Structure formats: structure tokens, C-alpha cells
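Enquirer: Dropping a structure here in C-alpha cells format, bear with me for questions.
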């Protein structure tokens, strides 16, 4: 038994020698051609026989020892790996905490301010030293002789006392105002932005609505005066205004109205119930803010606010772009009218007295506001012909309209050049529409060649560039065939889907409009709010409807497909009846 244990120890030592040799740093530094001397201990024939015999008595003990050794090494490696992961996570968390502390304390800004204060203190010390040095030099240069200094000592003391009292009095009276005019460097303060919150968003929208309510009420009252909503009120206002302008009291009239409005607001703030408006105010029901909103309600709230912000910003952008284009001579015939009007106003202000100019402008404004606008609003045809400010404002283009005009001009030029280049190769029997259909192509080639259609089949003008969408074929089982991204086109007789993946035309889809049994709007994901962004088309060849989802212009596409489908079906029905 002792002999077997010695053999196991010997074999364990031999394995440790090999492991030490493999893990030693010199082992990796040796080149491929170098020979490594290994001392292998000699074994006796009996030992070799026991090693060869797998069923020997020492084999099981040796195997268990090796497995225990490997297991301990594996556990150590796992333990080291766990410690390393914990250390990396702690490092990451410490870095995040350090970043948050830096953002909260603003250590960099404090350091910069401290450097500025140090620099300012050094400059002040230098100035004080210079002033003291200059004073000492002046005193040494202006020292009188001893006899004269004794004589003038009393007079100097009296003059110094008087000057000190005068300086003290001046500083007490005007020192605060002098300190206000001292220049200081401007401090750049960074405003902290609030995180996005549904509750904060609704609160800001309500605040904006409440803040804009007085302005909107004022505009409504002016519009009601111009529209003669209340005949007696408008007649009285017109008479008072024209009389004030005729006698030169227009500015005092407006100032008196402002004072009257402030007085009424003071009484309203004190609790008086006063309603001074032509249009009766309608109280809107204020919904109480909800404490807890679901994900769908938050998403719908964000969509509503985004839509309102989009429309508001769009209107503001249209107004600003029209004003910019008016002054930038984008349309010279319109800006020319403004140019002539400004020259006429300038010359009139130079040669005519201000009283006469103000009278003319005031009378024209009153007649235009109370009479001409009322007639133009009731007669749109007269307004479209003779209302010059309205015509100029409506004809002014915005930047998107200018881009559309330029792109349309470029496309017309390209179309004319292509028609000129291919006019010789066009058969004489083809019409203009057929000729235009021959040249329409998609990104991958000619339209009729991609979908194997006749040459006169081309997309309608509404969907000339197609609508980007994804085709969901629920009859297919494979994921690659279940959803396909591409572009949807509508022709006079077909509904064509072009797959965006390159390959054979088998991935494209062509549906006859006559074969469609049902078409309706579809909502792919029921958890999202709204009516969805898909169109479901049912045909006899499919068990489940084909869905064209993720379509941004879903309503436009649906109206186009449905109108063309009704046109084709009505034509087919009338042909069958005849």
C-alpha cells in the first residue's frame, strides 16, 4: 500500500514539473528551433506495467486526484473571473458617481471663477502699490523747507480736514450710484434643461393657452368689429373713430382706451364681474390633470402635443418666410409694388405736413377696416380681384413652395430634353400619354418591365414616386417572405408593390384592382393609439388579407386606391350591364 502511494506521489510530482515548465516565462521565449531538455525519470518495468494496465489498483486513485486538481484549478479561475467582473462593475459605478458629482458641483466652473478672482486680486494689489508709490514720490518731491513747513502746517491741516469732509459727504450722497456704473465681466450662466415629462408637458400647454387667451380675445373683438357682429357697437365705434381722426384726436383716443382697459382690469382683479367684449366669452371645461397615465395615454398625449406644435410652428414659419421673400425680391413683381408704395410714402412725408398725412392714413385705415373689409369678406370674388394686400400676401411663396417650383422646373427641363432625344425613336402611332408612359421608370428599371405589364400602365400622378411601406403576407410562414420592405404604386388597373431587396421579380407583387374584394384601413399594432398606418387588401387568391403597413401617408394612399378601385368597378359594372 505504501509503495502505491509513493507511485502516486511520484506521478503527481512529475505532472507538476510539466505544468511548471509550461507556465514558466522562459518557455514562451524559446524559439521553434531550440531544444528544451526534459528530464524524465526512469520507471521500472513493474511501474510501466501498472501504468499500461488501466484496471490496475492505482489508476482509480490517480484519476480521482487529477480530477480534484483540475476541479480546484477551475474553481480558482472562476473565482478570479468573478472578482474581476466585480472590480470592473465597481469601477464603472464609481466613474458614474464621479461624473454625477462633477456635474452637480460644477467644479470646473468654480475653479475658473476662483482663477478669475485671484487674477483680479493680483491686479488690484498692483494698482494699490502703484498708487502708493506715486503718492510717496509726490510727497517727497513737494516737501517744502522746514521753516515754511512749520508756517503752513496749520493751513494744510485745515485744508485736509475740509477736503476729507467734502469727500466723505460726496461718497455718502453719490457713492451708491458710482458703484452701479462700475464695469464687471459678464458671467455666462448655463440654464439647466428639464427632462421630458408628460405632466410638465400638459402643464406648459395649458399655461401657453391661458397666456395667449387675452391676445386671442382681442383679435376676436377686432374681427367682430370689422364683421359688424353687433351693428350698434360697430356703428358707434366707426363714428367715434372717424370723428377722432378728423379732429386729430386719434392718439389720445387710443391712450384713453388703454387707460380704460387697465381700470376695468383693476376692478375685475378686485372681484367685480365686468364683461367688456363684443363676442361673448365661452367658458371651456378644464380637465383635471391625471396623476397616473398609462403608456398608451402618454404616447397619445405626446402625439397630440407634437401635432399642435407642428401646426403652430408651420404657420409661424409660413408668415416669416413670406415676409423674408417679400423683402428679398424673390418675386420681383410683388416686391416692386411695395417699393413704389414706400417711395410714395417717403415723398409724401417730405412735402406734405404731418397733420395732413396722418389724416389721410387714419381715414383710409378706418374705411378699410370697417367698410372695405366687410364687403370683401362677404364677396370673395371681389376680394380676389381688387384686394391688393390680400392678393400680395396670398401670392407670396414660402420656402417649400419655392423648392417644389424649382424641382418641377428641373423635371420639366429633363422631360423636354428626354423627349427631344427620343423623338426620332418614337413610333408615329403612339400618343403623348403612351410616350410619357414609356419613359417612366423606377430605381431598378422601366416600370412596365419590372412588373411585366403593358407599356401604357404607369403610376398615377399622385403616386409617381410611390409610397414607402412594408408588405405583410400572413399566408407565408418564412420570416423572409412574411414581411417585405418596398414601394407601393397605383396604376389605372393595377396595384403594384416593388420590393426593395435586389433579386428576381418574383418578390414583387401585382394585384388587379378588379380582383380586390375588400379594402379598408388597418391597424397593425393594437397597443399603439390612433387609427394605425396600414391598408388591408383582400383578394380571392389569399386566405388572409394582404397588409401594407408602416405607411406614413396612409390616408392619401387609401383615398387614391379606393377612388381608383371604385372607378374601375363602376366601369366594369356599366360594361357588364350594356
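Backbone N, Cα and C define each Cβ position, glycine as well.
Whatever TrEMBL says is automated annotation, not expert-curated.
Residues or ranges marked as coiled coil by TrEMBL: 84-134. Under the heading compositional bias 'Polar residues', TrEMBL lists 139-153. Feature annotation from TrEMBL assigns domain 'GRAM' to 445-523. Positions annotated as region 'Disordered' by TrEMBL: 135-160. Residues annotated as transmembrane segment in TrEMBL: 250-268.
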Enquirer: Would you mind giving the whole-number mean pLDDT across the coiled coil (84-134)?
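Expert: Here the mean pLDDT over the coiled coil (84-134) amounts to 80.
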Enquirer: By Cβ distance under 8 Å, which residues at least 6 away from the ends of the transmembrane segment (250-268) in the same chain are close to it?
Expert: 240-241, 244, 274, 276, 358, 362
Enquirer: Just to be sure I understand, if DSSP states are collapsed into helix, strand and coil, how many residues of the domain 'GRAM' (445-523) fall in each?
Expert: 11 helix, 30 strand, 38 coil
